[in-house]
Amino acid sequence: MKKTVIALLAWFVSSASLAATPWQKITHPVPGAAQSIGSFANGCIIGADTLPVQSDNYQVMRTDQRRYFGHPDLVMFIQRLSHQAQQRRLGTVLIGDMGMPAGGRFNGGHASHQTGLDVDIFLQLPKTRWSQAQLLRPQALDLVSRDGKHVVPSRWSSDIASLIKLAAQDNDVTRIFVNPAIKQQLCLDAGSDRDWLRKVRPWFQHRAHMHVRLRCPADSLECEDQPLPPPGDGCGAELQSWFEPPKPGTTKPEKKTPPPLPPSCQALLDEHVL
């Protein structure tokens with residue numbers, strides 16, 4: 001277990017030691033009407049909002065990394081979700097990475113989070129608010145068994161399931177990425193109310209947090225949405241395929257060269273950095 005916690009902690013802090021990208025040199029949001037530009041994994045944002053770090057309903061982790069910027073829709077979603085969680089007495093919502101002041105590529109840890117429409121939220125709901133020291137060096141709680149086949153019963157709770165369900169039922173949310181074992185547990189617990197499960201997508205890692213993604217805002221004309229998830233609750237053969245051993249001869253895909261930036265994002269970099 002100790003090794004797992006260390007590995008998760010290393011994942012969250014590893015980016016601090018890597019070389020900065022040009023986007024990290026932009027220290028304040030670019031003025032203008034809020035516009036998410038490009039795709040979630042290749043884009044930027046004009047007119048980002050800052051998530052207030054002081055709130056009765058949530059706490060922001062790793063504020064020293066300055067990754068608490070996003071489209072106004074994302075800020076309002078976080079405030080809305082955390083308020084709903086408090087109304088239901090679930091606990092304090094712990095907010096992880098959103099995006100940088102102008103979005104763009106991180107130096108590590110994330111391929112997406114570039115257009116101000118993504119946020120990581122810990123799957124912990126502390127009843128006692130964390131100290132500043134805890135927030136700066138958060139201890140991720142691994143909810144998944146060592147073999148990756150199920151959640152750890154002593155760490156799973158109906159409150160965590162309720163938080164994920166609340167997020168999935170939000171009209172602005174298009175996808176929520178969690179570990180396959182977490183998705184599997186949600187499928188088992190859901191009962192007859194299953195429509196929201198369509199948005200909850202199994203993905204690698206995500207053992208201690210959920211990655212919430214919003215749809216492109218209607219007035220962000222250069223924003224590229226993903227196709228909708230397949231119909232259904234996603235609890236059948238597709239989910240089970242994540243638990244099958246790799247086929248013989250399967251190799252990890254090679255790292256791809258990042259595609260060219262959308263012209264508007266390149267122009268933003270040219271004006272503010274290069």
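Including glycine, each Cβ sits where the backbone N, Cα and C put it.
Per Swiss-Prot, signal peptide is recorded for 1-19. As annotated by Swiss-Prot, disulfide bond applies to Cys44-Cys265, Cys187-Cys235, Cys216-Cys223. The feature Zn(2+) 1 binding site is assigned by Swiss-Prot to His110, His113, Asp120, His211, with sequence analysis given as support. Annotation comment: Swiss-Prot describes Asp147, His150 as Zn(2+) 2 binding site. Sequence annotations record features per position, and here Swiss-Prot assigns region 'Disordered' to 225-274.
Under the DSSP three-state reduction, Asp147 (Zn(2+) 2 binding site) is assigned to coil, being neither helix nor strand.
On the backbone, the CA of Cys216 (disulfide bond) and the CA of Asp120 (Zn(2+) 1 binding site) stand 17 Å apart. The region 'Disordered' (225-274): residue composition by secondary structure is 15 helix, 0 strand, 35 coil, according to DSSP. The Cβ neighbour count for Cys223 (disulfide bond), using a 10 Å radius over every protein chain in view, is 23.
Among the binding-site residues His113, His150, the residue whose Cβ has the fewest other Cβ atoms within 10 Å is His150. In sequence order, Lys183, Gln184, Cys187, Ala190, Arg194, Leu197 are the residues near Cys235 (disulfide bond), counting only same-chain partners six or more apart with C-beta under 8 A. Fewest Cβ neighbours within 10 Å among the binding-site residues His110, His211: that distinction goes to His110. A Cα-Cα distance of 13 Å separates Cys223 (disulfide bond) from His113 (Zn(2+) 1 binding site). Between the C-alpha atoms of Cys44 (disulfide bond) and His211 (Zn(2+) 1 binding site), the distance comes to 18 Å.
Distance from the CA of His110 (Zn(2+) 1 binding site) to the CA of Asp147 (Zn(2+) 2 binding site) is 24 Å. Shown are the disulfide-bonded residues Cys44, Cys187, Cys216, Cys265; the one with the most C-beta atoms within 10 angstroms of its own C-beta is Cys44. Looking only at the binding-site residues Asp120, Asp147, the densest Cβ neighbourhood within 10 Å occurs at Asp120.
For His150 (Zn(2+) 2 binding site), the nearest neighbour among the listed recorded positions (His113, Asp120, Cys265), judged by C-alpha distance, is Asp120.
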